[in-house]
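Per Swiss-Prot, these features apply:
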- 1-19: signal peptide (SIGNAL)
- CYS22-CYS47: disulfide bond (DISULFID)
- CYS25-CYS32: disulfide bond (DISULFID)
- CYS40-CYS68: disulfide bond (DISULFID)
- CYS74-CYS95: disulfide bond (DISULFID)
- CYS96-CYS101: disulfide bond (DISULFID)
- CYS119-CYS144: disulfide bond (DISULFID)
- CYS137-CYS166: disulfide bond (DISULFID)
- CYS170-CYS192: disulfide bond (DISULFID)
Amino acid sequence: MKSLQIICLLFIFVARGSCRSCEICHNVGNDCGYDYVEECHSPEDQCGKVFLEISSAPLSIRSIHRNCFSSSLCKLEHFDVNTGQETYLRGRIHCCDEEKCEGRPFPGLPLSHPNGYVCPGVLGLFSEDSSESEAACKGDETKCINIVGYRKERFPGDIAYNIKGCVSSCPELRLSNRTHEERRNDLIKVECRDAVKITPSE
């Protein structure tokens, strides 16, 4: 069941998309098994390629997405969220002006140790409210991120998600404009704050 949730979660972050045509594909793994070209709709005005990875020791699953993206999403470029319990959600975004964008592969996870900061940690799917645990921040992770939203699909319907964890910096994410496109990824909460420093007990 956990593996199924991880695979589903990989697909909900990529919203569909100015008169531009881009290559479209969604696949688990590092390569697209199929693709087709589709005209984009405003505000998704750039072609892009996204690698997503959820690693939850010892399981690691990657997916690839080529699609139409908004310029605001393209500016994000990459993200790494430590949701606790040795689980990471990672993404690499590359946009271009051509139908088929080629991005750089994932770097390996850095070897880092807890730095004394903590954040609430959640990697939840199918619900905006999920039980949270404490995420021990590592390396240069000193910020806490909280993202809640849903992916609207014709089938199986709206997929809610809730993500909390440690990040090294606050991403430039904005709440979605719900006035466009029938199939979309809607952010309904984006919060980022300083992590809490744990004082060692004497």
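Glycine too: its Cβ is placed from the backbone N, Cα and C atoms.
This view paints the features noted in Swiss-Prot onto the structure.
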| residue | record | DSSP (3 states) |
| --- | --- | --- |
| CYS22 | disulfide bond | strand |
| CYS32 | disulfide bond | coil |
| CYS47 | disulfide bond | strand |
| CYS74 | disulfide bond | helix |
| CYS95 | disulfide bond | strand |
| CYS119 | disulfide bond | strand |
| CYS137 | disulfide bond | strand |
| CYS144 | disulfide bond | strand |
| CYS192 | disulfide bond | strand |
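Under DSSP, CYS40 (disulfide bond) is assigned to coil, being neither helix nor strand in the three-state scheme.
Cα proximity to CYS47 (disulfide bond) (within 10 Å) is found for none of the disulfide-bonded residues CYS119, CYS137, CYS144, CYS192.
Around CYS47 (disulfide bond), taking its Cβ as the centre, 26 other Cβ atoms fall within 10 Å, counting all chains. Counting only the Cα atoms, the space from CYS144 (disulfide bond) to CYS137 (disulfide bond) is about 9 angstrom. The shortest Cα-Cα distance from CYS95 (disulfide bond) to any of the disulfide-bonded residues (CYS32, CYS68, CYS170) is found for CYS68. Across the structure, CYS119 (disulfide bond) and CYS40 (disulfide bond) place their CA atoms 38 angstrom apart.
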